[in-house]
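Accompanying notes for the structure given below.
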Amino acid sequence: MRKPIIAGNWKMYKTSDEAVAFVDALAGKLKATDKADTVICPPAPYLAALVEKSKELPVQIGAQTMHEEVEGAFTGEISPTMLKSVGVEFVILGHSERRQYFNETDESVNRKVKSAFEHNLTPIVCVGESLEQREDNATAAIVSEQVKKAFAGISETDASSAIVAYEPIWAIGTGRTATAEDANEVCGQIREVLAELYSESAAQSIRIQYGGSVKPGNIKELLSMSDIDGALVGGASLDPESFAALAEAGANV
Ligand SMILES: O=C[C@H](O)COP(=O)(O)O
């Protein structure tokens, strides 16, 4: 069985004090376990502090995006080596909000995925269709294309350690979750694409998360599905009580 991975994407929420208070509140609520991985992806200014604080807890830290270059005249950007230098281990790449508001494309996501592996960061590669695409029955084609382009030129060894997050755009922050069956069907299609690209054994080792209005009340059903190996959670990851409940669900699949 693949080890579930529960990741909280805080997006652009919380002040520095609130971020520290969150981790303090998590202590005692989050039990150490080898049955699941738990990741928090805070805003960039708090990464270093939360890496330090997370040493007291069974939690790892991820970034929400990064630039593919190591350094250069790219005002405002953060490089993979900068993330590594403060102890970050995961990086979310190609989130639909990055694609929608910051012009990320399948091609730029691919460059970032390559760069993440080159610098020993584990990418959480996000894919997902819009409502219009779902209504046009284009979900499988869109998601398959996104996966193929994101993994172009990535070796099987690297790909085997990647995380893919299937996030239907219409389910993000809307309270409208895909049914567990629908989410599982698309995650299964993603696994088939990965098997075509690499091998059945690589596809079986890649963890696929579902994201989109995941909450303590629906995570168990989602995680009970055969091809859903975790969750990428936005809103419900902002409260320590709720995040601890999500992590606990991950450890008890
Ligand atoms: O990265 C997380 C997703 O965008 C899901 O956000 P949400 O849980 O607020 O719907």
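The backbone N, Cα and C atoms fix where each Cβ goes, and this holds for glycine too.
Positions annotated as substrate binding site by TrEMBL: Asn9, Trp10, Lys11, Gly173, Ser213, Gly234, Gly235. Annotated active site, electrophile per TrEMBL: His95, in sequence order. Feature annotation from TrEMBL assigns active site, proton acceptor to Glu167.
Sequence features annotated in TrEMBL and their locations in the structure.
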residue	record	DSSP (3 states)
Asn9	substrate binding site	strand
His95	active site, electrophile	coil
Glu167	active site, proton acceptor	coil
Gly173	substrate binding site	coil
Ser213	substrate binding site	coil
Gly234	substrate binding site	coil
Env. residues of substrate site, Cβ within 8 Å of mean position of Asn9, Trp10, Lys11, Gly173, Ser213, Gly234, Gly235 Cβ: Tyr13, Ile172, Val233, Ala236, Ser237, Leu238
Around the Cβ of the residue listed as 'active site, proton acceptor', the count of other Cβ atoms that are within 10 Å: 28
Taking residues Asn9, Trp10, Lys11, Gly173, Ser213, Gly234, Gly235, which bind substrate in the record, the widest Cα spacing (Å, whole number): 14
Binding-site residues close to ligand 1 - of Asn9, Trp10, Ser213, Gly234, only those whose C-beta is under 6 Å away: Asn9, Ser213, Gly234
Separation of alpha carbons, the residue listed as 'active site, proton acceptor' and Gly235 (substrate binding site) (Å): 14
Neighbourhood of Lys11 (substrate binding site), C-beta criterion under 8 angstroms, separation at least six: Pro43, Gln64, Glu97, Gly234
Cα-Cα distance linking His95 (active site, electrophile) and Gly173 (substrate binding site), given in Å to the nearest integer: 13
In the chain carrying Trp10 (substrate binding site), residues 6 or more apart in sequence that have Cβ under 8 angstroms from it: Ala19, Ile40, Cys41, Pro42, Pro43, Gln64, Gly234, Ser237, Leu238
Residues that sit under 8 angstroms from His95 (active site, electrophile) by C-beta distance, when 6+ apart in the chain: Asn9, Gln64, Thr65, Cys126, Glu167
Of Asn9, Ser213 (the binding-site residues), the residue whose Cβ has the fewest other Cβ atoms within 10 Å: Ser213
